[in-house]
Amino acid sequence: AMPSIFSYQSAEVDWCESNFERSTVIAEYYNTVNGTTLFSLLLLTPLNFLVLEDAGTGNIARALGKSWDFHCLQQPLSLLLAGIFSTYFHMTLSYVGQLLDELSILWALAVAYSFWYPRIYFPRCIKSRKQFFWLTGVTTVISTLMSFIKPAFNAYVLNCIAFHLLYLTRRELKKCNDKRVHRMAAVMVLWWVLAISSWISDRWLCGLWQAINFPYLHSFWHVLIAMSLLYCCPLVIYFDAHYEMPSFKPKMEYWPSDSWPVVVPYVALEEPHKQC
């Protein structure tokens, strides 16, 4: 009989970490624990003030034609859902968990693209942000349906989206002389390289890591990709703000201060002076 799609270990993917080694309920203990911790806690709070400067928050919404109340919630909530579904997947290794894990990431990316993808890079046939919403939505729905055909392949496609973000970053850096922006991009790429290396190593060199009793690289992936996103998100928002409202003079800032070894980057805006 075909196993239930909700059953433990019914997924197409099983990561390198040994199953049920530390719990009779949790299949992959470390992947389960840090999946929720990083996506829901590490990213949720910073993303609530990514485009933050008390005088500038309302200005961003008005200048970009976006609902600020919804904007404040949409990206953190989508990442929170990704964290919850990642936890469920690694806890059960179920087919449904695998789909929810991968599709939540796909939809989180779709939301980010819809709101913050710079208008200058829209396809020529797209004339407005509303049209781009529809394009992103239709593409996401088609990708979602295709994910049901071969869910395991979806993970590779999602990772390939990073190459498009890297390409976009490279094009923008050529036009930007701000050392802070270049520094943030370099740190983002460093975290991403470490993250994707961990993901690939866990997937393709599992025998090696099990031989040395260290099959935990996928849990490292969770940590490293979260750090990369911490820098990627404000970087994309900075590019968008730079084109949409240059009079506000967007600039990169670090919280709590530049001197800290680990910081939360965000985009600050200067209130434009009215001309008499």
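Each residue, glycine too, has its Cβ placed from N, Cα and C.
According to TrEMBL, the feature Ca(2+) binding site maps to Asp14, Trp15, Glu17, Asn19, Glu28.
Here TrEMBL flags 38-56 (among others) as transmembrane segment.
Look at TrEMBL and you will find 77-97 (among others) tagged as transmembrane segment.
Sequence annotations record features per position, and here TrEMBL assigns Zn(2+) binding site to His90, His218, His222. The Cβ of His222 (Zn(2+) binding site) has 26 neighbouring Cβ atoms from other residues within 10 Å, across all protein chains displayed.
Annotation comment: TrEMBL describes 103-120 (among others) as transmembrane segment.
The feature transmembrane segment is assigned by TrEMBL to 132-149 (among others).
The transmembrane segment feature in TrEMBL is assigned to 155-170 (among others).
Through the fold, the transmembrane segment (182-200) approaches residues 159, 162, 166, 169, 173, 176, 217-218, 220-221, 224-225, 227-228, 230-232, 234-235, 252, 265 of its own chain, all at least 6 residues removed from its boundaries and within a Cβ separation under 8 Å. For 182-200 (among others), the entry in TrEMBL reads transmembrane segment.
Residues or ranges marked as transmembrane segment in TrEMBL: 220-239 (among others).
Proximity of distant same-chain residues to the transmembrane segment (132-149), defined by a Cβ-Cβ separation under 8 Å and at least 6 residues beyond the stretch ends, is recorded for 99, 102-103, 106-107, 110, 113-114, 117, 119, 122-123, 126, 157. Straight-line distance linking the Cα atoms of His222 (Zn(2+) binding site) and Trp15 (Ca(2+) binding site), rounded to a whole number, equals 13 Å. Summary: among the binding-site residues (Asp14, Glu17, Glu28), the fewest other C-beta atoms within 10 A of the C-beta are counted at Asp14. Cα of His218 (Zn(2+) binding site) to Cα of Asn19 (Ca(2+) binding site): a span of 13 Å.
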